[in-house]
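Beneath this line is the structure, given in structure tokens, with notes to follow.
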């Protein structure tokens with residue numbers, strides 16, 4: 001198929017997707033409930049406007065006077081009105097007091113030479129002597145019991161019709177089908193999938209940098225969609241479904257769009273949460289409609305983002321499920337079994353919670369292949385930075401390779417945010433180029449939060465923060481297995497951080513030893529120990545340090561088998577990898593006696609870390625005071641100045657001096673970098689998590705006392 005034919009195919013697919021498919025005639029505007037409401041309102045206006053054209057209204061008192069004068073040929077009495085037909089008047093005839101009304105009837109009250117009937121509003125209730133007056137005058141009269149068909153229409157038919165039309169309009173709006181397919185109340189079961197053709201995606205694999213392995217896996221999908229005979233002649237079967245898993249912000253949606261852009265096929269994109277709404281059975285109907293549309297457009301790609309919202313496990317132990325979601329999932333499973341893989345229909349899903357997906361969804365024949373879209377390494381980060389910096393005017397001092405080295409653990413979305421923040425900072429400062437200073441400030445914003453220049457702290461608290469951060473830096477500097485210190489600051493940042501110690505490694509690492517964990521915990525306790533040694537007591541600013549040190553110790557004892565007392569056993573609850581870095585509901589599978597032993601070992605490890613930190617602080621008290629004094633003077637101290645004050649960092653034998661190490665946190669935080677206090681040790685419950693930049697804060701909790 002030529003490019004022009006593909007383009008034409010794409011244009012046909014973009015037109016109305018009603019029951020008649022492409023080429024369906026446009027809807028008549030009068031079929032819209034809103035149009036009917038306008039027509040009814042116009043009819044009411046016209047009826048009211050012309051209601052009194054054929055009659056002449058007069059006051060009720062004048063009507064009674066004309067009855068007494070026998071001016072009417074006949075009278076009709078209604079529930080709240082009376083109508084009188086005037087007698088024919090010969091030319092020049094006029095009598096007594098009735099002359100004036102008769103002249104009016106002959107003059108301005110004429111139509112086709114006939115006098116118009118007179119109509120007056122009758123006084124309701126008793127005491128009305130109109131009937132007696134009519135009988136006395138000898139005028140024939142009649143009575144109407146009800147309001148006739150007019151009243152029936154306005155009292156009953158019109159309000160009901162307006163209410164039904166308004167309800168239909170509301171249901172149409174709620175169904176979300178305006179401009180997206182067949183309108184009306186029955187459109188709830190229609191899929192909300194948006195069709196993106198190749199010109200619309202505008203993304204190819206060249207835009208998906210830093211995830212080369214994932215691109216290589218998906219290249220097979222592209223080649224199958226372009227040349228399926230290459231695989232069919234050897235008896236191969238392309239996977240029906242591809243599941244993209246990985247942390248947030250790593251480019252899963254971008255990769256799916258790039259796959260469709262490379263293949264040049266229709267791209268159905270929707271979220272898993274769009275299947276389930278207020279009515280039971282809507283989700284299953286939308287699944288059926290989605291696959292019906294996709295089969296007509298094959299070869300094509302159907303991309304379901306946030307698949308966990310739809311495909312959560314049906315296990316009763318997992319909270320949050322209900323019958324509607326289960327029915328929708330069952331329909332999806334049936335549809336994925338039902339379509340023929342040879343038709344060229346590829347299902348792609350994306351999730352960052354693969355551990356909660358239903359096993360039936362992941363079996364071969366449905367989502368055959370899982371592609372990990374992980375955080376990029378140093379080389380990948382550099383490639384991503386170059387893509388996002390293509391339209392940014394960089395200064396001569398900007399080295400993107402150095403920026404990539406200073407951003408371990410950053411996902412693609414975070415790197416895009418860094419470039420954008422740097423450009424905004426340069427524009428705010430009225431610069432012509434984005435310099436290295438803006439990139440460093442942007443990284444610091446992501447790691448530690450925004451500067452709180454308006455937060456004023458007194459001299460006593462400022463001195464405590466200075467010694468606290470100097471304690472963190474000193475212990476980490478003097479222990480061989482701790483991370484190198486990049487920057488120390490006592491400028492308040494974020495929600496509750498009054499200061500921070502920034503540690504940015506130069507390399508990516510994925511394993512930790514027991515010695516590295518012990519030195520990490522000692523560095524965490526360095527701030528609290530420095531406060532005790534200088535001021536005689538700790539402050540609330542060390543609360544977050546204690547939380548993270550305890551978390552590291554507990555994982556060493558319970559998950560990693562690093563406690564001599566308990567031995568090489570794992571007591572943690574293994575539920576599979578979690579890319580969100582948060583724990584669900586934990587179940588304890590050991591006795592109370594073992595739990596008490598775990599608590600004792602955790603306490604022993606934390607106390608050991610505190611003793612080691614205290615030894616370092618006491619041995620190097622002069623260096624601690626020198627850095628604290630420097631912080632009180634200039635507030636921010638870089639690594640080069642720390643080296644001039646203390647000398648080179650103590651490193652383990654066999655390593656390059658000053659070369660840092662990076663380890664993952666015990667539970668990967670939601671943000672790609674450790675922006676909370678002392679996020680600093682261990683790796684995930686099910687294996688090493690991606691490396692993280694470290695920022696130790698004083699006053700980590702947003703507490704007024706901190």
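Heads up, the Cβ atoms here are built off N, Cα and C, so glycines get one too.
Remember, predicted model here, so these are calculated numbers, not experimental data.
For the Zn(2+) site, Swiss-Prot gives 468, 472; the one candidate out of 377, 397, 545, 559 that the record lists there too is 545. Ranges compared are 30-50, 51-71, and Swiss-Prot records transmembrane segment for 30-50. With a 10 A radius on its CB, residue 472 (Zn(2+) binding site) counts 31 other CB atoms from all the protein chains.
When the recorded positions 246, 248, 250, 253, 469 are ranked by how far their Cα is from the Cα of residue 545 (Zn(2+) binding site), 469 comes first. Taking only the Cα positions, the spacing between residue 250 (ATP binding site) and residue 469 (active site) is 33 angstrom. Around residue 246 (ATP binding site), a 10 Å sphere centred on its CB holds 23 further CB atoms from the protein chains shown. DSSP assigns residue 545 (Zn(2+) binding site) to a helix in the three-state reduction.
The ATP site is set by 246, 247, 248, 249, 250, 251, 252, 253; from the centre of their CB atoms, other residues of the chain with a CB within 8 Å are 350, 352, 373, 411, 412, 413.
Taking only the Cα positions, the spacing between residue 249 (ATP binding site) and residue 469 (active site) is 31 angstrom.
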